Structure formats: C-alpha cells, structure tokens
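Visitor: My questions all concern the structure below.
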Protein chains: 2
Amino acid sequence: MQLKIEGDKDSRGFEDSETAYDYRHEGVLQCVASRLGWLVFFFCGLMLAAVVVEAFEEVLKKEVELSYFVPLLIGHGGNTGSQAVATMIRALALGQVGMQDLFMVVAKEGAAGVIMGTLLGLCILAFSFVWSGITPAVGLTVAVALPVVSLWANVLGAALPILSARLGYNPAVTSAPLMTTIVDSTGLIIYFYIAKWILQL
Amino acid sequence: MQLKIEGDKDSRGFEDSETAYDYRHEGVLQCVASRLGWLVFFFCGLMLAAVVVEAFEEVLKKEVELSYFVPLLIGHGGNTGSQAVATMIRALALGQVGMQDLFMVVAKEGAAGVIMGTLLGLCILAFSFVWSGITPAVGLTVAVALPVVSLWANVLGAALPILSARLGYNPAVTSAPLMTTIVDSTGLIIYFYIAKWILQL
C-alpha cells in the first residue's frame, strides 16, 4: 500500500515537472533569460557571415547584383540541409542507418542536393534572361553556386546527425542549428569564389 | 479468436505503414521527388528577398557596408521568430493559450524580441567602434534595425501558430517556414528603410 502511494506521488511529481513551465505565468524577462543563450550562440555564427561578406567587399563593389542573391543562397542552403537533417534524425531513430552507412548516406544526400540545386539554378539562369535586374553572367554565377552550396549543405546535414549520435550527443538538438551556422559562412565563401571565377573579378 | 487474428493483422498493418518508408531503400530520385515541393515554395520566398535587395540597389551602392549585415538581420529574425513559434506550439498543445490570449501573447513575445534585439544591437554598435570594417553609423543602423526586426519576427512567430490553430490547420507544420519566409523579405525592407533614414541616403 505504501509503495502504491509512493508510486502515485512520483507519478504526480513527474507530471508536475513536465507541465510546471506554464507560458501564462512566465514574465517577459524569464522568456528572455531562457532564450538568450542560444540566440547569442547563433548570433556569433551570423557575425562570422558578416565578416565573410566584408572580406569580399571588393567583389561586391564591382558587381552589386551579387548581393541580391545572398539571402537566397544561404536561405536555400539552410532549407535543403534541414531536410537532410530531418531525414537522418528519423532514419537514426528507426535504426535504419548508423555510423557504418556514413559514406552511403553522404553520397545519397549530396547527390539529391546537387540535383535539386541544379534544377533551381536553371530557373535562376532562365530568370536572368527575362529580369532586367541582373545580367545573365550573374544568373550563371548563382546557377553554378546553387548546386555546390546544396551539395555542401546536404553533406553536412547528413553527416552531422550520424557523427553526433556516434559521439553520444542527441542528434535532434544540435544538428540543425550547427549545420545552418556552418552553411551561412561557408556557403557565402563558396558563392563569392565562384563569382570571382565566372565574372573574372 | 477470429477477432484476435484480425486485431493482429490490423496492428501489423499499422506498424508497416508507419515504418514503410525505409531510408536505405529510397533512391536519390525518390528523395528529390519527396522534397522538391517544399524547397520550391521556400525558394519563391527567397526570390522575393532577392527582388527586395534589388529594389534597394542604390542604397547598397552608396553604402556597401550595409550588405555585410544582410545574413545577420534575416538570420537573427528567423532564429528569434522560431523560438516564439516553438514556445507557442508547446503552449497551444498544453492548452495554456488560445485565440482569446492573442493580444497578451503577441505583446509578451514582441517585448521579449525588442529586449533581445536591443542587447544584441548594442553589441554590434560597440563592435562598430573597434572593427575597422564598418563605420559607427552603419553599426547604429544595425543596432536600431535589430530590435525592430526582432519585434516583427516574434509578433509573427506568436500570432501565426494561434491563427493557424484557429483556422483548423496544424500549427506545427506551417508556422515556422511561413514566418521565416515572411521575415526574409519584410525584415530586409525594414532594414533598408532604417538605413535610408539614419544614413540619410
């Protein structure tokens, strides 16, 4: 009988801790305190992206049209990489993939990224012929950069959850923001190097 | 006995459909087919962001330093708005908030966004005095834009899940990508208007 009561207490205690956090009773400063840590971490990653753009200032000054596609390149990298992360987290949870499948997974996700990036890049290239806002040379730059950035984002999105799980971390918590933070800066480096090469800047 | 067998069949059938999708047996083209729809939808939103940057080309040409913070502004807007979305989805699921709380929720999330944006903006302003890459005037522009974009992102992040739930949609599926897509374009419009005002461009 005593055991049963203890059991009930424990059960109630657990439920309380699960639902103890009630949004209605949380003040604005508590909201801030609980969220600022991660926001500052991501913010440092975004500052890195600012430093990368600054490093290619001369390229941007020579061809300001390149700046139009900065949100598109890193936004698309984050989107396609997130799809790879979500697919991997599900496959890991179901035991369908593990460390031994790393090469297969990276190859498959990378190939999917290249195909989707190429299709979307061709749309941008076609668009550059009808939109007066950009020259076809800039359209070609974006069309070449999209599959490369997509490849890189999907490789990271596939590898990070598997490596996280292997190292004992919960892949669902860290993989997506880490992938996005890496792609924001490195995706821009890829974009500007391709621009320098194609536009001969 | 027959009932039990039927029950077993149903149970097995349900499990099969739950786990039928096995990543190991999915080809690259199947990956592409299942993901391209959403990617194209987000891509259209990112094209809008490209059109917005193009519309402010003259501002960027006069002050190229503004382009350094384009990834930071929209990246931070997406991050803080996602925190608001995630908090709302949890509070909705636990029945802690509903349509009648819309004003309270939007006010609380908006205030949290302004406070966090102001703190991070002050960091950028301080940084602009020590980093040779940007002038303090551009630092001030970003410092003013960050709390405004954060306010807007958190208001959307708070309102969209509640409005989605009210309209009968699953708030967990649509709210985060819709918020990000809106913030990408509108956040840049806010940033460039503040830049025109502060830098007198």
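The backbone N, Cα and C atoms fix where each Cβ goes, glycine too.
From TrEMBL, here are the annotated features:
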type	residues	note
TRANSMEM	B:36-56	transmembrane segment
DOMAIN	B:70-194	domain 'SLC41A/MgtE integral membrane'
TRANSMEM	B:110-131	transmembrane segment
TRANSMEM	B:137-160	transmembrane segment
TRANSMEM	B:172-194	transmembrane segment
Visitor: Which listed stretch (B:36-56, B:110-131, B:137-160) has the most C-beta pairs under 8 A with the transmembrane segment (B:172-194)?
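Guide: Most Cβ pairs under 8 Å with the transmembrane segment (B:172-194) come from B:137-160.
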Visitor: Report, as numbers and ranges, which residues of the same chain sit near the transmembrane segment (B:110-131): CB under 8 Å and 6 or more residues beyond its ends.
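Guide: Same-chain residues near the transmembrane segment (B:110-131) but 6 or more away: 69, 76, 80, 84, 138-140, 142-155, 158.
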Visitor: How do the residues of the domain 'SLC41A/MgtE integral membrane' (B:70-194) split into helix, strand and coil according to DSSP?
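Guide: Across the domain 'SLC41A/MgtE integral membrane' (B:70-194), the residues distribute as 111 helix, 0 strand, 14 coil.
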